[in-house]
Amino acid sequence: MATAAAGALGLLWGWLWSERFWLPQNVSWADFEGPGDGYGYPRARHILSVFPVAAGIFSVRLLFERFIAKPCALHVGIQDSGPYPNAILEKVFLSITKYPDEKRLEGLSKQLDWDVRKIQCWFRHRRNQDKPPTLTKFCESMWRFTFYLCIFCYGIKFLWSSPWFWDIRQCWHSYPFQPLTSGLYYYYIMELAFYWSLMFSQFIDIKRKDFLIMFVHHLATIGLITFSYINNMVRVGTLVMCLHDASDFLLEAAKLANYAKYQRLCDTLFVIFSAVFVVTRLGIYPFWILNTTFFESWEIIGPYPSWWLFNGLLLILQVLHVIWSYLIVRIAFKALIRGKVTYPGRIRPRLCTLHSFLISFFFSMPGGSWTVSSLACKCICASSVQ
């Protein structure tokens with residue numbers, strides 16, 4: 001029985017790492033055993049180094065949110081406030097109802113000698129405690145903004161001195177025998193470790209309604225980055241990662257402005273984010289990235305099974321880019337139009353749903369991270385508020 005199980009496991013392992021699937025013709029895994037230059041060639045075992053790095057990133061995040069992000073939030077007036085503690089109301093909230101009717105409110109008013117409006121306010125604040133507080137969301141967004149901005153700047157600095165940034169056909173010259181450099185290795189490991197840290201943090205952060213959706217997204221993102229690393233498509237992978245990082249920090253910056261109630265700054269950042277997103281995802285990505293992965297790579301190295309899978313995933317990503325761009329532009333356009341509308345007694349942009357729209361976003365390379373259904377729901381809500 002044990003022998004049969006071992007044989008089945010061996011067959012599964014052989015199928016999983018089939019050279020016919022992963023590598024071009026006349027190339028085997030043994031060809032990558034040589035040292036090459038720099039860090040050698042990408043190997044699956046390198047991925048194991050991601051986990052201690054991810055744990056380190058998560059630890060840095062906890063320190064960052066406590067000692068840097070939280071003081072910044074308090075400085076701009078975001079308070080971690082809740083209802084006044086009251087044992088009687090807490091007991092009613094937990095044991096009887098979270099939405100007391102008029103009769104119960106009157107009874108509690110007499111019992112506590114509180115105004116009915118004050119009791120209603122207490123229950124409303126208490127219900128809001130079950131949602132992520134603004135302070136927590138500000139700290140999380142500030143951490144992501146800092147990481148995205150740093151990794152984007154690092155990516156630009158690294159790619160600026162890389163030959164394939166200036167001549168994208170260099171992504172396929174001598175493929176798959178393209179040795180790693182230290183800069184390329186650290187870029188990939190840091191990106192992958194960050195998304196693993198997001199996977200860890202989901203289980204201890206405040207639970208949100210999109211927990212399962214974001215879990216699947218992070219898993220898909222990790223899979224795509226890992227796939228391109230094992231397949232040694234790291235050169236084009238760095239371009240895709242940097243391209244997606246270009247708009248990530250702008251979205252997080254818009255969130256921060258929104259949480260701090262700097263509405264004009266939030267609106268401006270969101271419009272800039274929308275423009276950068278559309279240019280990178282509908283312009284640069286298809287005409288630069290997809291052009292080289294489909295046509296130039298076909299000409300230089302030719303197709304093979306994992307090549308088809310990799311390009312198929314990139315093409316699916318482009319379809320999602322089109323959908324997301326349409327929804328984002330619609331929101332940005334409404335923001336601009338409503339910002340010019342004069343309401344009785346005041347002028348203000350009617351973007352009261354922008355907050356809920358922004359906090360439902362979280363996207364990054366290479367899979368994007370929005371869920372189309374939730375995003376569409378936010379857009380419908382925004383369009384219905386007049």
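Positions of Cβ are set from backbone N, Cα and C atoms, glycine also.
As annotated by TrEMBL, domain 'Homeobox' applies to 89-133. The feature DNA-binding region is assigned by TrEMBL to 91-134. Among the features that TrEMBL reports, domain 'TLC' is placed at 136-337. Annotation source TrEMBL lists transmembrane segment at 145-165, 185-204, 211-230, 269-288, 308-333.
Outside the transmembrane segment (269-288) by six or more residues, the chain places 168, 239-240, 243-244, 246-247, 250-251, 253-254, 257, 318, 321-322, 324-325, 328-329, 331-332, 335-336, 354, 358 with a CB less than 8 A from a CB of the stretch. Restricting the average to the domain 'TLC' (136-337) gives a pLDDT of 89.
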